[in-house]
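Asker: First, the structure itself, so that you have it in front of you.
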Amino acid sequence: MRTIKLILEYDGTNYAGWQLQPNGLSIQEVVEGALARLLKEPVRLRASGRTDAGVHARGMVAAFDTDRSIPLRAFSDGLNALLPPDIAVRSADEALPGFNPRFAATGKHYRYTIHRGERRSPLVRLQSWHVRGALNLAAMREAARHLTGERDFASFRTAGCAARTTIRRVDAVEISDDGEMLTVDVHGSGFLRNMVRIMVGTLVEVGRGKLTPEHVAQMVVCPGVVPAGPTAPPQGLCLQKVRF
């Protein structure tokens, strides 16, 4: 039995997220369907996590087991021939038997993209959040510093989050300015549901002057008591890389 590790890139616009859904087409369903056609057998993927509807990925990691002896290149080339244009296999490699990306992962890197143009852009609307008006980047960066380290992020999760603990370690929150485009890179050991999007929505409120960096500091000092800002929309978020 072989275990194959895939690195997947996808545009999540037209999907109900990564995970199989009773109502709605998921990325997992599409990739498993392509694998079943390629290998002539049913396949169940083990993923490094899940992305919500509309969220993208450049480095989703998934693994599966198979007895087939086809070359690695045939996995990537064969799948890419069967997958739709908005999903692609970036690489296929042998992994240790039974490798499970979810439990083996030691960290993730997410990137959130904000479009700050005076007018909305049809060309970037599916990969960014259009935020009108000036943003105070110095205040946003000061607020971001309060979100690094091992902290209780109870204020930064969606109501449906079922995580047993809200303690997470965030290694870095980096805000980069490239003219009309602003990127927020978040590196950490793991994240609560919608945590990165709530962090970004909160930082934008700081940039608009509606919240202060000190208010953000209180969100992790008094978790679940001091409310966070709004949840940024899904289309600006992309899973860049999973660390092992």
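Yeah, the Cβs are placed from backbone N, Cα and C, and that goes for glycine too.
Below, the features straight out of Swiss-Prot:
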ACT_SITE  D52  active site, nucleophile
BINDING   Y110  substrate binding site
Asker: How far is it from the residue listed as 'substrate binding site' to the residue listed as 'active site, nucleophile', counting Cα to Cα, in Å?
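Answerer: About 13 Å separate the Cα atoms of these two residues.
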Asker: Around D52 (active site, nucleophile), which residues of its chain at least 6 apart sit with Cβ under 8 Å of its Cβ?
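Answerer: Expected: G12, G17, R193, N194, P234.
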Asker: Across all the protein chains here, work out how many other Cβ atoms are within 10 Å of the Cβ of Y110 (substrate binding site).
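Answerer: Y110 (substrate binding site) is surrounded by 23 other Cβ atoms within 10 Å.
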